Structures are given as structure tokens and as C-alpha cells.
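A.B. asks: Right, I'll just put the structure down here and ask away after.
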């Protein structure tokens with residue numbers, strides 16, 4: 001029997017491709033394709049969906065996640081915009097409900113490897129900044145991938161970065177800061193998704209860069225998340241925990 005999946009945000013570019021991918025996979029049945037005017041909770045009940053893949057917007061992803069969990073389905077969240085306090089609340093709710101879920105800042109396996117390599121490098125390089133770039137339809141900044149990368153680096157590095165007595169002549173010139181790591185966000189036509197993690201040391205730099213040039217690169221990660229989430233009883237933040 002195929003696993004019943006709802007794709008929420010099915011009319012977007014990622015949503016259309018996710019529907020096509022899951023419909024062509026022998027393990028899954030897409031039982032509903034939802035957009036913003038549809039009732040997510042009622043659709044879960046009507047279709048008896050086991051998984052909801054959320055590919056919507058930053059301004060509604062938290063409420064969508066609560067709805068999915070409270071209606072007994074497993075969330076696979078590919079929408080950025082969740083802050084740490086919201087992730088903590090969703091983690092607690094999944095524990096109470098004993099239901100699995102996945103929040104994936106990035107579904108690209110290459111991007112996950114980039115984050116893992118950057119985490120390893122941070123054990124040896126304490127000076128690091130992140131430059132992320134996306135298309136202009138992505139209205140939240142910085143990206144979920146950049147935030148997650150900063151969190152992973154902060155947890156792994158063995159000494160704090162140098163405190164520089166800099167004065168910003170233009171406010172924001174040094175980017176935003178997350179876990180004491182500067183993040184610079186680009187929004188340009190011609191970009192899909194790009195991230196560079198740039199490390200510096202005396203006499204050298206190390207650059208770890210990943211480029212997504214086609215949304216198809218995210219599909220293996222969506223399939224992997226849908227396969228793994230059925231066996232979880234907790235919320236997992238980051239696809240790297242499933243590799």
C-alpha cells in the first residue's frame with residue numbers, strides 16, 4: 001500500500017515538481033494538492049494523509065506545522081521562516097504526540113554535505129562568514145540554510161571569533177549576525193540558490209560553496225525525508241541527521 005501524501009503549496013515551482021516526483025514514485029500516493037485557499041486540517045482528515053510536505057511561505061509555515069501535527073499527520077517542512085523558539089515548540093509537540101517530523105532547511109544533498117564540511121572546518125578555523133544568494137521571489141532573509149549552517153558551525157567551533165572594533169559607515173554593511181556569525185544575503189535575478197561559507201586564517205582562506213542550478217536537485221531529499229519520517233517518533237531539524 002502506498003503512503004498517502006499531501007503537498008501543501010502545490011502550485012509553486014517547488015510544489016509542482018514535488019507533486020510530479022512523488023506521483024511517479026512507487027512508494028507514494030499524492031492524495032491532495034493544496035494551495036493557500038484550501039483547508040489544510042480538513043484535507044488531512046478527509047484524505048487520511050500520513051505525510052504533509054509543506055512548501056508554502058514563511059508567514060504561514062508555523063501555523064501549517066501546528067495544524068499538520070495536531071491532525072495526526074507527519075510534517076515534512078521545506079519552507080524557511082521558522083525561528084528557534086518555534087522549532088522548539090514543534091519539537092515538544094511531536095514528543096507529546098509521539099509523531100515524527102522533519103524540518104529541512106535544504107533538501108539538496110549537495111547543500112547538506114556543504115554544511116557538514118563547513119562544520120568540520122570550523123573546528124580548525126574560527127573566523128568564518130556566510131554569503132547566501134537566492135532568486136528575488138524568496139522574500140525572507142537570511143535563508144534557512146544559512147541560519148542552520150551558522151548554528152552547526154557555532155556548536156562545533158572550538159574558540160570564538162575575533163572581536164573587531166569596526167564602525168559601519170553604512171548600517172548593515174557587515175551583514176546580519178546569527179550565533180555570532182555574520183551572514184550576507186543576496187537576492188538577484190539569475191540565482192536559484194547559492195551559499196558560500198568562507199573561512200579565514202593567517203595567510204589563507206578556505207571557501208566551501210554549493211550552487212543549486214535546477215530545482216530537481218531538491219527532489220531526492222524530499223523523497224528521502226518522506227521515506228524516513230514514517231519511522232520517526234520525534235522532530236528532526238536538518239536532513240543531515242538522516243544521511
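Backbone N, Cα and C atoms are what each Cβ position is placed from, and that goes for glycine too.
Feature table excerpt (Swiss-Prot):
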- 134: active site, proton donor/acceptor (ACT_SITE)
- 138: active site, proton donor (ACT_SITE)
- 9, 10, 11, 12, 13, 14, 78, 79, 80, 104, 105, 106, 107: NAD(+) binding site (BINDING)
- 135, 144, 145: (S)-2,3,4,5-tetrahydrodipicolinate binding site (BINDING)
A.B. asks: Check the Cα-Cα distances from residue 105 (NAD(+) binding site) to the recorded positions 134, 135, 138, 144 and tell me which is shortest.
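C.D. replies: If we rank 134, 135, 138, 144 by Cα distance to residue 105 (NAD(+) binding site), first place goes to 144.
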A.B. asks: Same chain only, sequence gap of 6 or more: which residues have a CB within under 8 Å of the CB of residue 11 (NAD(+) binding site)?
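C.D. replies: Spatial neighbours, sequence-distant, of residue 11 (NAD(+) binding site): 33, 35.
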A.B. asks: What is the nearest of the recorded positions 134, 135, 138, 144 to residue 9 (NAD(+) binding site), using the Cα of each?
C.D. replies: 138
A.B. asks: For NAD(+), with binders 9, 10, 11, 12, 13, 14, 78, 79, 80, 104, 105, 106, 107, what's the maximum Cα separation in whole Å?
C.D. replies: 20
A.B. asks: Out of the recorded positions listed (13, 80, 107, 134, 138), which are within 10 Å of residue 144 ((S)-2,3,4,5-tetrahydrodipicolinate binding site), Cα to Cα?
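C.D. replies: Near residue 144 ((S)-2,3,4,5-tetrahydrodipicolinate binding site) by Cα: 80.
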A.B. asks: Residue 78 (NAD(+) binding site) to residue 145 ((S)-2,3,4,5-tetrahydrodipicolinate binding site): how many Å between their Cα atoms?
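C.D. replies: The separation of the Cα atoms works out to 11 Å.
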A.B. asks: Between residue 145 ((S)-2,3,4,5-tetrahydrodipicolinate binding site) and residue 107 (NAD(+) binding site), what C-alpha distance do you get in Å?
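C.D. replies: If we compare the Cα positions of residue 145 ((S)-2,3,4,5-tetrahydrodipicolinate binding site) and residue 107 (NAD(+) binding site), the gap is 10 Å.
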A.B. asks: Among the binding-site residues 78, 105, 144, point out the residue whose Cβ has the most other Cβ atoms within 10 Å, with all shown protein chains included in the count.
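C.D. replies: Output for this query is 78.
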A.B. asks: Show, in sequence order, which residues other than 135, 144, 145 on the same chain lie with their Cβ within 8 Å of the centre of the Cβ atoms of the (S)-2,3,4,5-tetrahydrodipicolinate site.
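C.D. replies: Other same-chain residues with Cβ inside the cutoff are 80, 105, 106, 132, 134, 138, 143, 146, 193, 195.
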